[in-house]
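Enquirer: Marked as domain 'NADH-Ubiquinone oxidoreductase (complex I) chain 5 N-terminal' by TrEMBL: B:60-107. Residues or ranges marked as domain 'NADH:quinone oxidoreductase/Mrp antiporter transmembrane' in TrEMBL: B:123-413. Annotation comment: TrEMBL describes B:615-678 as domain 'MrpA C-terminal/MbhD'. Summarising the annotation, TrEMBL assigns domain 'MrpA C-terminal/MbhE' to B:693-769. The transmembrane segment annotation in TrEMBL covers B:104-122, B:161-182, B:239-255, B:294-313, B:415-435, B:456-475, B:508-526, B:573-590, B:602-624, B:631-650, B:692-711, B:750-768 (among others).
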Amino acid sequence: MIRANDLILRTTTILIAFILFGFSIYLFLAGHSAPGGGFIGGLMTAAAIVLMYMAYGYEAMKKIIPVNYQNLITIGLAIAVLTSIGSFVFGEPFLSQTFEYFHLPVLGEKELATALLFDLGVYLTVIGVTMTIILSIASDR
Amino acid sequence: MLYAVLIPLLIACFIPYLSKFKDKIHTGIFVLFVPLSIFIYFLQFIDTNFVPVAQGYSWIPSLNISLDFYLDGLSLLFVLLISGIGTLVTLYSIFYLHKSERLGHFYVYLLMFMTAMLGVVLSDNVFVLYTFWELTSISSFLLIGYWHYRERSRYGALKSMLITVFGGLSMLGGFILLTIITGSTSIQEMISQTDVILNSPYLPLVMTFIFLGAFTKSAQFPFHIWLPDAMEAPTPVSAYLHSATMVKAGIYLIARFSPVFSAYEWFFIIVSGIGIITLCWGSYMAVRQTDLKGILAFSTISQLGMIMTMLGFGTKAAAFAAVFHILNHATFKGSLFMVAGIIDHETGSRDIRKLGGLMTLMPISATLALFGTFSMAGVPLPFLNGFYSKEMFFDVSLDLSSTSLFIAEIMKTSIPYLAVLGSIFTFVYSMYLFFGTFTGEKHLDELPSKPHEAPIGMLISPALLIVGVIIIGLIPNLVNEPLLAHAAKAISGEEVHKHIAFWHGFEAPLYMSLIVVIFGSILYIFRKKWTDIYLLIPGTLSLNKVYDRILDGSEKYSRKITNSYMDGSLRKYIALIMIATVLVTFTTMLTTDGFTIKTDDLAKVTVSEILIASVMVAAALGTIFARNNVAAILILGVVGFGLSVLFVLYRAPDLALTQLVVETITVALFLLCFYHLPNLRPRTESFKTKSVNAIIAISFGALMTMVAISAHSSKWFGAISEYFIENSYELGGGANMVNVILVDFRGIDTLFEIVVLGIAAFGIYAMIKLRSDKGVE
């Protein structure tokens, strides 16, 4: 197949992908207090990566983001399980979450929740799952 | 007593080691001592003043099941038969089975059977009795199929297994009912509660179940068909199991429960009715057989029918006659089987048409057979025990008390005639068996091997049995008081004293015996003239055909039924699942009065909702009728996006976001997949199929709608969401309640949902990347 010169697509992709990345990270971090969370954040990140794949092709993307998405699923699940088990250390039941307000140097009074770590596991798993599925199907000939 | 029962089984464990020396010493020699020692042990119990002995061993106390053994006169008679004939059969088998046979297997099965049989007759607990009962079925199955490379053996073994296990299972049902009625698992306890059982509404059911067990095991009409086919077993097995012991287990069962059931008026009709039919049918069919063991098998069936008839009478004298005949039958039938085995062994044939004139070649066997057959026929000679019991049978059949039931009255008048009729045929086949084999022309050239007298070892066992026949014949009162009186007492429940005499004057039983001898002789002499009748009657009445038809039919129809709905079509399965769901849900809702509609707590419907809903409905309909698959996917996408808009309207931003992205990705994935798939073919189903599918789909949808409305209309308690609203910020530290529920309150759901996603991803990866046609390295 002869590839058309899709300069406009590639240029806009750079812009849009970064906006998408930013938005997805916002969704992920804001999830505890505003609409969003690990699941939708992960999907959004995956969408950004897919967009880049569409614009730049499989070979190029493997160099740009050298991530094995199957490993990402494993890592995500491991984080989710380990943070759940972590509550045992404090003598609490499985999957107990807690939160505390900290005074951080630059950001000021902020809340940090252990739920965010669990959500990180969800986030990584969702990215891994989505990318694995799409790349497996798309690269199948 | 526990050891007496279990010793054969324990010895059986060592048989495989012993059978290694079988080239030097026949394995049977080791085995011989087992039944012999048991026989001697139980011989000590024979006493005129014998009192029942009970011994209990704990087994499953929580279920009230214990190894209770109870030795009364009836059990003692059976135990002596089992161990005594067991000894003789083992002795006989040492000479019958060659060392090249798999002797280890044979004796393991035989000892297993011995334990089972001893257990059956000694158990007082019904469930222990049942356990041993099934063990007899299994060991009998193994013994019948001993020469498993023969097709007939396998057929016979399977047939006997199916029929006896059918009976055994129904018997278990009867036992369970009895346990429920009496609250006890002990037979003696049940007998003491006879009144409770007789007044129970389950009585007919209990009797049907238990009698099915007894009739199948004892080869009563119409379940007798397994016995002739069981003759494929080695002859020692036929002599032991199918003449003396196992087939009498059913007799034992009826006798054991006779104190309970005999007061019930149908007891006589069922037991004696079946018994007399079996007697006549078995003796009639026996005349037709050409195989020696076939004749003996049908003869056993008819003799068992005779014992069963006597048990059904329920009188003291009949009980005595029954136990007397049990003993007599075991002696002469065991010896006859052994003689048949000798003839088979020495001539290579059991076909009575090929045999003949063996008298001079095998004089000892001929003598033994003469006593055996004449005793079986009941020829009036003072040294044959068969005559005494037959005479008693005639006697008790004439002496029946009257009852109110009409059928019972008819049977009462007809039984003596039928008894004489059956005995005439018994006489005919007994004569045929003896004279057909030992007199007449010799067909030596037709026989596979040259006949000569059997080795002495083989003759010992039948000779001892015949000695038993003669001793009981000469001095019948020898076993009377010490053994038979106790056995009869166990059956009838009261003291029985009877003097057995050869001569008791010119009375009806004597005339009946004379009629039997005269008519029997006439029929035997002119046998060839009327054998053609057999071509007519059993030809159409053969129960084997019924059995085969049931067996083949059940296989054929179950295959047909399975094929009719398991045709591999997924559409059909889906349709069945949906129909089942609709039917079950609908009937449940209807019978529990579940359909309700309440409109008081409904929200107001806005214009935008109606608009979105109608777009979604239109898109859904469009998907069904779309002719192009890409179009169908895109239109389906409309439904998904409509849903996310609805989520927005219902103020579920997280759901709306997720739905939006997931819908986009699903549509994209669908398109990716369909890129590889061929175009949708135009639907070719008939209008009928289409309309059936439409009806199923519409009714399913309608039902689910109704269920949803009903569920909404019947709220029994408030939602727990108040708790989350109040506590999500306080306890979870987040303002987004949905997210706090997902990662905090109900985090474990999320944990496993991402596991599901991971599995799905790896599944897809594996399916696509690791296809076998792709050539995995």
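Using N, Cα and C of the backbone, Cβ positions are placed for all residues, glycine too.
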Enquirer: Which one of these stretches, B:104-122, B:294-313, B:456-475, B:573-590, B:692-711, has the most C-beta pairs shorter than 8 Å to the transmembrane segment (B:415-435)?
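Expert: Per the Cβ count, the answer is B:294-313.
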Enquirer: Tell me, please, if the transmembrane segment (B:692-711) and the transmembrane segment (B:104-122) are in contact, taking contact as 3+ Cβ pairs under 8 Å between residues separated by 6 or more positions?
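Expert: Result for the transmembrane segment (B:692-711) with the transmembrane segment (B:104-122) is no.
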Enquirer: Using DSSP, what is the helix/strand/coil residue split across the domain 'MrpA C-terminal/MbhD' (B:615-678)?
Expert: 56 helix, 0 strand, 8 coil
Enquirer: Going along the chain, which residues at least six beyond the ends of the transmembrane segment (B:602-624) come within the CB cut-off of under 8 Å?
Expert: 632, 635-636, 638-639, 642-643, 645-646, 649
Enquirer: So, by DSSP, how many helix, strand and coil residues make up the domain 'NADH-Ubiquinone oxidoreductase (complex I) chain 5 N-terminal' (B:60-107)?
Expert: 32 helix, 8 strand, 8 coil
Enquirer: Any residues 6+ beyond the ends of the transmembrane segment (B:161-182) with a Cβ under 8 Å from its own?
Expert: 126-127, 129-130, 133-134, 137-138, 140-141, 189-190, 193, 196-197, 200, 202, 205-210, 212-217, 223, 225-226, 250, 253, 551
